[in-house]
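The structure appears right after this line, and notes come after that.
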Amino acid sequence: MPCLHLDAAEVSFPGLPAPVLRIPRLEIAAGSQVAVIGPSGSGKSTLVNVITGLARPTQGRVFWDERDIARLSEGARDRWRGANIGLVMQDFHLFPGLSALENVLLPARLARVADGAIRARAGALLSRVGLSRPDQPVETLSRGEMQRVAAARALLRDPGVIVADEPTASLDAENGAVIAGLLLELAAQTGATLIVVTHDQRLISRLPRRIAMADGTVRSDSMAEVRP
Amino acid sequence: MIRFALADLKRLWAGSVVIVLLVALAVALGVGVTLQERALRLGSARAAEKFDVIVGAPGSETQLVLSAVFLQPAALPLMPGEVLAELNDDPRVEWAAPVGFGDFHAGYPIVGTTTTLIEGTAGGFSRGGMFRTEGEAVVGSAVPLQPGETIVPTHGQVEQGGHEHEGVRYRVSGRLNPTGTPWDRAILVPIQAVWHVHGMGLAPGHDEHGQGQGHGHEDEHAGHDHAGHDAAHENDEAHGHRGLDADAPLDEDWHRGALPGLPAVLVKPRTIADAYRLRQDYRADGRTLAVFPGEVLTSLYATLGDARQVLAVIASGTQLLVAAALLMVTVIHVGQRRRQIGALRAFGAPRSAVFGIVWLELSMLVGLGILLGYGGGYLAASLLSRAFAMQRGFSLPVGFTPEDGATLAILVAAAALLAALPAWLAYRQPPAAALRG
């Protein structure tokens, strides 16, 4: 499992006086479970973009183990992300017209890595997250079920890192709790590093480490408090 | 990828249908113009194919062909009748047959001619046989009459103020096989009947009408304008249609006395060289004009070609506009799908797959539109040709040629290229757009 090491990472946009993200140093150990918290506009999403390779920092380095993904080309970052990061987002991003199973398999198919083993794993993951009908069209699923499908999709390629961006924000309390539990269990089971951006206090309370963001930088880090 | 593209198009079905229809209409317009123009060219060439040389009085070559080949009613000047006898005696001529126009039955032109012409140009009889007496008629395949039925000729067309020839009746003796030419709409009667109905010609007791009067009359009866009709009417009354003797035997010997003036003689030369020499001789001669219908049609096409060019430019302009509109719509559409496209990338789909999906979706829509357009253009041209055939009697054969395949290939290639632009925009879109904000 890879560990994250940010080194003087900065994201700034022309016309803005201050960088939207400035993290001199941040480490997340392999297999740890981390909550990223903070008000909106504090740079949480930018942080997620940078550590998943969705965006390149303006400056600095983003190491996952020994690899600096900030130096990878766009295509290489896509490939790296596909193989190493499982993403779960607030808006599920499922594609209507396809079944639950097809949605789970879609990114792998588009990346041409969907072999028999992957297909078998997709079915197993769907039943693991509690979806009984893998052939059901996604548009007929409830919101809770949609997020379960999204979770299964994130885990399909057995990523070393699961990044969830407000995974419970568009769910009711009950479904939110189920999804939170599912993510924690799955991460623990596979040993994947779990990074969750969230406002959900109940979810935050279940994560051992909390990184609080404000104004684009890390305001406090529970790990740092423990280990000054 | 195809499955995803199809699911995506299904989701956006309304927009997809509009795009397909738009493309189909633009393509159908272009294809229709091409096919129809080709059909007109082939159809009229086929109509003229049996008529090697046409000899008429000096005047408009085009009008001579339009009247003799396409049976278009018009006032043709007359040439002296003895030209027919001369042509028949010419060793270079296989046969020469006069045609006389002016009368109609229920909108179908009645053409006075000879058995030789019918034998030489038509493809045999489907029912009945050749006329044997002055009062018999042979009908083309598009004339809704059967052997035994009666024809009442009107002088000129009724809707243009024509009137019935009192007491004149033809009996249908036979019906010809279809030839696909305007002559399918013709009612063919012995030329002597036309002369006699109009008080001209060689019948005993009619010689005193003489050439001069015959000429004048023929002139007027060929023109169906109102003034001409009044004059003709008076003339007809004066003659009282005494001429038609329904039971009189056919007389196709052109040497017994002076023939009335003739609007046109169709000539079948023995050889191609003869055809050229005949045209030369009868063109130089001040009394007559000789034309190759094919040649006249070619120069007519040259004129039509300009019109076709205009239509083709309009059609291409339409296609260009549709292409531009399509490009705009898809570029906007790709912009609106930033999040979806970003999400695909975020979950690990390679950029090439994103490019492929957008390209495939657009190409499928445009490709389908092009195919439908070809089908639609063909259908439209066929329907137009059918309507034309019903009205004019001659068929316009609608068909694709290899060059249409080339056009199709160019269109498809252009569509593929066009689809690449929004696909490229999608390719360039940053995946971070998938996240909120």
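Positions of Cβ are set from backbone N, Cα and C atoms, glycine also.
TrEMBL labels come from automatic prediction, so no person has curated them.
Worth saying up front: this structure is predicted, and the values here are computed from it rather than measured.
Listed in TrEMBL:
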- B:12-35: transmembrane segment (TRANSMEM)
- B:202-249: region 'Disordered' (REGION)
- B:205-245: compositional bias 'Basic and acidic residues' (COMPBIAS)
- B:310-332: transmembrane segment (TRANSMEM)
- B:318-429: domain 'ABC3 transporter permease C-terminal' (DOMAIN)
- B:353-374: transmembrane segment (TRANSMEM)
- B:406-427: transmembrane segment (TRANSMEM)
Helix, strand and coil residues within the domain 'ABC3 transporter permease C-terminal' (B:318-429) as assigned by DSSP: 97 helix, 0 strand, 15 coil
Residues of the parent chain within Cβ reach of the transmembrane segment (B:12-35), under 8 Å, 6 or more residues beyond its termini: 308, 311-312, 314-316, 318-319, 321-322, 325-326, 329, 333, 365-366, 368-370, 372-374, 376-378, 380-381, 384, 398-400, 404, 407, 411, 415
Taken over the domain 'ABC3 transporter permease C-terminal' (B:318-429), the model's mean pLDDT: 88
